[in-house]
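A.B. asks: The following block contains the structure, expressed as structure tokens.
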């Protein structure tokens with residue numbers, strides 16, 4: 001084909017309108033032709049259930065286990081021991097841990113405490129208990145800064161350099177981070193090393209969820225995300241912790257589990273075709289799609305118009321006048337709809353995380369075994385996940401909103417029971433009911449996280465998809481004050497109610513919708529629209545990419 005030429009000035013309004021028509025005609029005609037023949041014409045039509053999707057699911061599981069190992073590590077490594085006696089004072093075995101600490105404050109100094117613990121945490125190793133154990137909780141908060149920073153940085157890395165590069169970089173960083181953690185000699189060294197590790201963990205979480213959504217069929221997004229998630233890995237990690245018995249051995253195990261996912265991803269998984277198309281790498285996207293369809297035995301979807309269809313998708317990016325834009329976090333707020341989506345989802349993550357991490361990082365305060373409590377939580381989560389995943393696939397009326405809201409309703413009821421027990425001073429008699437209610441509330445957070453993540457990926461356009469998911473992840477680690485035993489649960493109920501109404505009223509239902517591939521046109525932006533770029537470019541590389549359309 002010949003090099004495209006343009007004799008008019010593309011900066012003039014007339015030329016801009018003419019250029020838009022050039023793109024519109026082939027795009028519309030191509031789409032009608034493909035639909036008439038019953039052939040695939042959009043990226044979603046080439047992503048079909050098959051062998052490659054199964055490889056993506058396996059790769060996701062191998063990468064999720066290291067994430068669970070990192071995020072739940074402090075549930076064991078930061079577990080506060082129970083003080084059995086202090087100097088000459090022996091405490092009643094019926095007292096809760098917090099009540100024992102009140103007694104220690106009353107009697108004054110405790111120079112020779114006698115501990116009881118299920119896992120040798122850093123609290124035991126460095127003698128942190130009661131008031132001093134809050135230093136370890138503060139350490140967890142600092143470690144979360146690394147997770148938040150990693151989510152932000154890797155969101156930009158993923159959208160700029162690719163999903164695969166971002167994932168592999170994060171996996172190697174996690175492996176090295178664990179080797180640094182085991183060298184810690186005090187709480188300060190431990191906190192610094194865990195913060196570095198958290199940076200790469202946050203990056204892995206922010207990238208892999210977007211990658212999964214871009215490589216699975218839209219019909220199967222919910223149940224796959226419900227099946228391939230953190231929940232089934234919680235019992236596995238509990239087994240790792242039980243075998244390890246102490247925080248150093250567990251750190252070595254965590255380092256080892258980072259390696260299988262890295263090598264599997266390197267040799268069996270390709271870059272996301274959606275990202276390649278957005279970046280204008282059409283030839284590479286065509287080759288990746290052909291390899292994926294060959295793995296899935298679906299070569300019948302490959303037609304002569306495959307490259308033309310991908311060029312059409314890329315042409316939309318050019319037409320939207322955003323191809324040359326370097327997207328950043330402020331682009332999440334450039335239109336009213338994007339701003340509303342970002343705010344509602346960020347709040348939902350924030351409110352849910354108060355419940356989730358408030359329970360997980362204080363699991364040792366619940367009655368029963370710290371290991372079995374984690375197992376029960378994981379199994380309860382997974383049972384709910386599979387049930388709702390099946391319902392989403394079976395019933396058209398059950399969508400993202402139903403799954404999100406039903407989880408919050410159960411959380412509201414469960415936490416109301418806990419608050420009532422404390423308000424009526426029945427926390428000792430009803431300790432098993434309190435335990436079950438708290439674990440149930442924590443279990444429901446899994447489906448809320450998944451629903452939020454799916455909605456985020458379905459509403460954020462491809463150019464800012466990882467950035468958007470990374471941003472809402474930054475609101476994922478928050479705690480509450482410690483004034484009354486039931487106060488945290490009251491806060492959880494209040495924030496859950498706001499989450500319920502905002503998600504229901506301010507976001508659309510996204511079940512069955514195609515992923516949004518392109519940013520809104522600049523004329524809809526609140527700010528940052530700037531001067532319009534050229535729609536048809538003269539550079540050789542863009543000319544090559546648009547030639548099939550102009551032909």
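Every residue gets a Cβ built from N, Cα and C, even glycine.
Bear in mind that TrEMBL entries carry predicted annotations, made automatically and left uncurated.
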A.B. asks: So which range, 131-147, 148-164, 165-181, 284-300, gets flagged transmembrane segment in TrEMBL?
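C.D. replies: That would be 165-181, per the transmembrane segment entry in TrEMBL.
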A.B. asks: Transmembrane segment per TrEMBL sits at which of 354-377, 378-401, 402-425?
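C.D. replies: Among 354-377, 378-401, 402-425, the range TrEMBL annotates as transmembrane segment is 402-425.
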A.B. asks: Taking 462-482, 483-503, 504-524 as the choices, which stretch does TrEMBL tie to transmembrane segment?
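C.D. replies: That would be 483-503, the stretch labelled transmembrane segment in TrEMBL.
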A.B. asks: Please identify the range among 87-111, 187-211 that TrEMBL labels transmembrane segment.
C.D. replies: 187-211
A.B. asks: Which one of these stretches, 46-65, 187-211, 250-269, 402-425, has the most C-beta pairs shorter than 8 Å to the transmembrane segment (223-244)?
C.D. replies: 46-65
